[in-house]
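Asks: Starting off with a structure, shown below.
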There are 2 protein chains.
Amino acid sequence: MPQVDHNRMANAIRGLSMDAVEKAKSGHPGLPMGAADIATVLFTQFLKFDAAAPEWPDRDRFVLSAGHGSMLLYSLLHLTGSSEMTIDQLKNFRQLGSLTPGHPEHGHTKGVETTTGPLGQGIATAVGMAVAEKMLAAEFGKKIVDHHTYVIASDGDLMEGISQEAIALAGHWKLNKLIVLYDDNGISIDGPTSLSDSVDQVKRFKACGWAAEKIDGHDQAAIAAAITRAQKSNKPTLIACRTTIGFGAPHKAGTNKVHGEALGADELKAAKENLGISLEPFSVPDDVLKAWREAGHRGAAARQEWEGRLGELGSRKRAEFERRLRHERPPALAKAFKTYKKELLEKPMTAATRKSSEAVIEVIAGAMPMEFLAGSADLTGSNNNKAKLATAFSAKTPKGRFIHYGIRELGMCAAMNGIFLHGGFAPNGATFLVFTDYARPAMRLAALMGAGVVYVMTHDSIGLGEDGPTHQPVEHLSALRAIPNMRVFRPCDAVEVAECWELALNRIDGPTVLALTRQNLPQLRTSVNENPCQYGAYELVAAEGEAKATLFASGSEVEMAVAAQKQLAERGIPTRVVSVPSLELLLAQPKERRDAIIGNAPVKVAIEAAVRWGWDAVIGQDGEFIGMHSFGASAPLNKIFPHFGITAEAAVNAVLKRVT
Amino acid sequence: MPQVDHNRMANAIRGLSMDAVEKAKSGHPGLPMGAADIATVLFTQFLKFDAAAPEWPDRDRFVLSAGHGSMLLYSLLHLTGSSEMTIDQLKNFRQLGSLTPGHPEHGHTKGVETTTGPLGQGIATAVGMAVAEKMLAAEFGKKIVDHHTYVIASDGDLMEGISQEAIALAGHWKLNKLIVLYDDNGISIDGPTSLSDSVDQVKRFKACGWAAEKIDGHDQAAIAAAITRAQKSNKPTLIACRTTIGFGAPHKAGTNKVHGEALGADELKAAKENLGISLEPFSVPDDVLKAWREAGHRGAAARQEWEGRLGELGSRKRAEFERRLRHERPPALAKAFKTYKKELLEKPMTAATRKSSEAVIEVIAGAMPMEFLAGSADLTGSNNNKAKLATAFSAKTPKGRFIHYGIRELGMCAAMNGIFLHGGFAPNGATFLVFTDYARPAMRLAALMGAGVVYVMTHDSIGLGEDGPTHQPVEHLSALRAIPNMRVFRPCDAVEVAECWELALNRIDGPTVLALTRQNLPQLRTSVNENPCQYGAYELVAAEGEAKATLFASGSEVEMAVAAQKQLAERGIPTRVVSVPSLELLLAQPKERRDAIIGNAPVKVAIEAAVRWGWDAVIGQDGEFIGMHSFGASAPLNKIFPHFGITAEAAVNAVLKRVT
């Protein structure tokens, strides 16, 4: 317990938050003021951290799921002594280039464990962090990994559907070191939450296997007692803290007027007088600041002791632990890929790319069995991303390296973000490509944060057949390619599958989608000397003579392009085939390379069982596109491609009608 | 109660479902076999419908949320006497062009109330249907509108996050005529649901304001008693029916082996023997079929009585009711738009398009106050889609025509689908454009079903400023444009806002996104004689002389294009400005019109504060694009466009460097 009065310490948060929002004329003062007591108790008495070492692997994780209350976090970082979070940064809240953007951004600001703002995702990402902790603790021992994950969540976080997926998983896995402090202020932007909600959250969480209780969120003793109980629970815990939004603002507290805008000069002054704090903007009394700084270094001794224990781990295990946290791949991986690709040349594989991916997964899991962490949203047998030896992760089997996420695509992808951000694992998750629609908010955050996760998205076109248009992706490749920093690979055969997997695993600064087929494909590649997928596209079949046409295709349609090329060659029309495993990666190449790959054959045809959107950048406005112009249909595989006119013959005809 | 034994009737469903899946060698027999008892009790004793009049407005709605169990629904349609659902259709299950696709498709097959398959959405869409029923009943009286909405939901439906959004809303609104029969079979594709779930659903639903109980789902008396209780409840009801998946299959029942694949000849034979039904495929005993057909016409008398009551309603009110259900707009609407647009010319409006949209909403609500049904996911004051006179919808105020959906974008959009499908309303829903990511699964279903809903998506670019990259859409315009049958409008001023709203409301066969700004924009249009937005794009400013360049822009960037055009004209470079409120609609125009709008100026520049993805189709691979190449940043409006180089000056320079 700090020497300075709790209220004065909490009021430092309130003062800084009010001032920063006022200066920016934009932001959310209500949550920082309302949750200041909760945060003060947590950061001064419970949270294990050392402000001098924000990357300490065994620190407690703190996630502000209600990211709009960012000034709470920035105030805490400043007060506890983050070296970069100066008072000037607080004064530059929400300004261009500051470390204090409107919502906390991981990778942009030290001490921000994950990017939050899109509601519900913080709590779901925290579930992933708690999973990673549980797994690493079981593997490296509690002397090395033994920390909590704390979340401050808002009404909005708990209204978003993703919260249900997250809490169901946390309850099922008994993630007892996950503690959610719910800032239950009863106010959303539109007004009282009673406008749209009457859920009893304590009962709801209990129904999902959590410990849950209600407390007064301004009673420091009650907060401390509840956190102490939570730490002893064998379940994850929800502490619903009844608070007053904008606590201290005499006229606006407890209303939506203090949710998302500055208090205004008069109310700010009145609030400060009411709280008994200085009217001087951005001022914190010396003794209060000192007490906060002490709180920020409470963990220094524990951290040093931990460093000692890490030293005792033995150099090999220590190196392994540190390598894992750096997301560095083991040397065995590249070697295993090389060997495997050579084997493929000797024994070509005709298989669905989801099946050749399964073979690759055996190779990867062999090279990094404990860090390769696959999972599926209840389609394990269809997605084929479970290594044979991997067992199911559960409360009782924390060394299991396959996660049954249930039918929860968004919760899965948010948890994967948390697993990656925690460190120690290369997570991948699987479902049907069409269901990336459900997962998109977390996939976008992965791209924004630069999280190196892999999505195994199978059944990647109308080729899935009978399940019909609800399950057939048509626009998804395009919609995913449009996301900045997202990589989408759609390999055409077993060799490309291996190459794309290797690129995906080595991409630790952004997410990768692997779009894989349900249906069988032949092996087309006859050389494995380099990995041409790294350029997004490459010439798979050269023209015999000066090319009159180039056929571009990805995935399952490359086979059609190759067949069409052969027919055209027989008719004396020299044609190239360019395999395009990643359209957006091709377009991102330096102009010279891009132009060389695209080439200047007068006729350009693209074949992809998806919408044209984006392909004009390769084939031009007048290029021929053979693909989808509508949603799909329920039919067996052998009927469906001809029905939509996606065939080698269509490609041949498209060239013939253009070639002069 | 039918004269024929319940079990024989239920077994007819089981037999047909097994046979159809077996013949297709694909499908899900487990659910139809397991839920046959529930469905038989519901359809023979409770469901108010008349197979001869599947469009009867006051029929009970039945939603098979677990759409993979489609053979349950197809069997029921056949057995109860749907005229088009012949035995041949069942034999063509999952075949090209059949009425029996893999998952039920609304608009494709009569009697399918909504398209299901993407899990969780059926129950959320049913919430919208129940809302529409409650509203219409309050408006037209219980003599005209008084029906239930029944749902059969699976484990997967309740695992998906959207289910939480749906049940929270249903509980809050006390939608007592919504009854969910949960097929609690404890099995998902991966195996027992205990692999990934331990939620107590009865407790969870109770926490959300529902009545909920557990029963034996094979006990017909228990099912009937529970439905009877549910009909009397003042809350929505969950009936958790414990069932055996694949009931009757001697070896595979109760396991995931019967979930998603054909039984196989041996098991099928054994199951039929076990159930005591004919081995002849697709056969139903005459007396059983007769009893089912009688059940299918149980409602005929009630429907005739209802027709009588409709006649007594008075011709004016009856015409209004029928017009509303046809989604036909009142004549007053077109007139109101015409008047309003003329007024705009006289009194131009400088305003954010979200604000000029608010003005349009007043016009629309004036013309159709009871059918224009707006709502917002807790951003009402920011989205500006609430008409002044509209009051909040709630359990006690069913005539309220503004829905506070809470922070539930996906639940909102799924409910909108249900409201539209029920008939009687023109629903629109609002949030920030970036959060279409959360809503995408329901938006896709709207496009697939052809539901004429409108999405009011504000804060449509980096122009939202300080909230930063988590809230700034960059790829969303492109990702939405890629969806077949989705219309995306991004109007540039108050006139285009009115025009796009008019097109959106008159589009009753598909959804429309209106992307609107946070920031102010001038009024650029000086003529309102026709509605050029209907072509997706049009020449807003003509060149003085033969155009050397064309500037294409949408929304807030049209202002920049107009400013650049002026600067270029002053430098003697004749330049056109083409406003592109809907890029994909422009591209869908007949070639002649499209070419005329795009024109053949040698330099083509597009300006849009979003990614380039898709624009090459207009400006060509070598066209200049001024827009976003990354995620955004947190900064005030006046800093952010220059920071990312999106300015009139950039457009001028792009032209200058190309013009020779």
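Cβ atoms here come from the backbone N, Cα and C positions, even for glycine.
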Asks: Please identify which of A:HIS108, A:HIS251, A:HIS259, A:HIS629 is recorded by TrEMBL as part of the substrate site containing A:HIS28, A:ARG354, A:SER382, A:HIS459, A:ASP467, A:HIS471, A:ARG518.
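Replies: Record source TrEMBL; matching candidate: A:HIS259.
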Asks: Write down the one residue from A:ASP155, A:ASP157, A:ASP216 that TrEMBL lists together with A:ASN185, A:ILE187 as binding Mg(2+).
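Replies: Mg(2+) site check in TrEMBL: besides A:ASN185, A:ILE187, the record includes A:ASP155 out of A:ASP155, A:ASP157, A:ASP216.
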Asks: Would you list, in sequence order, the binding-site residues among A:HIS68, A:ASP155, A:PHE435 whose CA lies within 10 Å of the CA of A:HIS28 (substrate binding site)?
Replies: A:HIS68
Asks: Find the one among the binding-site residues A:HIS68, A:LEU119, A:GLY156, A:PHE435 whose C-alpha lies closest to that of A:HIS471 (substrate binding site).
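Replies: Spatially nearest to A:HIS471 (substrate binding site) by Cα position is A:PHE435.
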Asks: I'd like to know which of the recorded positions A:ARG354, A:SER382, A:GLU409, A:HIS459, A:ARG518 sit within 10 A of A:GLY156 (thiamine diphosphate binding site) at the Cα level.
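Replies: Of A:ARG354, A:SER382, A:GLU409, A:HIS459, A:ARG518, within range: none.
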Asks: Any same-chain residues 6+ apart from A:LEU119 (thiamine diphosphate binding site) with CB under 8 Å of its CB? Would you list them in sequence order, or say none?
Replies: A:SER65, A:ALA66, A:GLY67, A:SER154, A:GLY156, A:ASP157, A:MET159, A:GLU160
Asks: Near the Cβ of A:SER382 (substrate binding site), how many other Cβ atoms are there if near means within 10 Å?
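Replies: Its Cβ has 19 other Cβ atoms within 10 Å.
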Asks: Name the binding-site residues, out of A:HIS28, A:HIS259, A:ARG354, A:ASP467, that lie close to chain B, meaning a Cβ-Cβ distance under 8 Å, keeping sequence order and answering 'none' if none do.
Replies: A:ASP467
Asks: Looking only at A:HIS28, A:HIS259, A:ARG354, A:SER382, A:HIS459, A:ASP467, A:HIS471, A:ARG518, the residues listed as binding substrate, what is the longest Cα to Cα distance in Å?
Replies: 48
Asks: Looking at the binding-site residues listed here (A:HIS68, A:GLY117, A:PRO118, A:ASN185, A:ILE187), whose Cα lies nearest to that of A:ARG354 (substrate binding site)?
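Replies: When the Cα distances are compared, A:PRO118 comes out closest.
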Asks: So which other residues, same chain and not among A:ASP155, A:ASN185, A:ILE187, have a Cβ within 8 Å of the centroid of the Cβ atoms at the Mg(2+) site?
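Replies: Neighbours within 8 Å of the Cβ centroid, excluding A:ASP155, A:ASN185, A:ILE187: A:GLY34, A:SER154, A:ASP183, A:ASP184, A:GLY186, A:SER188, A:THR193, A:THR243, A:ILE245, A:HIS259.
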Asks: Among all protein chains shown, how many Cβ atoms are found within 10 Å of the Cβ of A:HIS28 (substrate binding site), not counting that one?
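Replies: Result for A:HIS28 (substrate binding site): 28 other Cβ atoms within 10 Å.
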Asks: In which DSSP state, out of helix, strand and coil, do we find A:LEU119 (thiamine diphosphate binding site)?
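Replies: For A:LEU119 (thiamine diphosphate binding site) - judged by DSSP and reduced to three states - the answer is coil.
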Asks: Across the domain 'Transketolase-like pyrimidine-binding' (A:351-523), what is the average pLDDT of the model, as a whole number?
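Replies: 98, rounded to a whole number.
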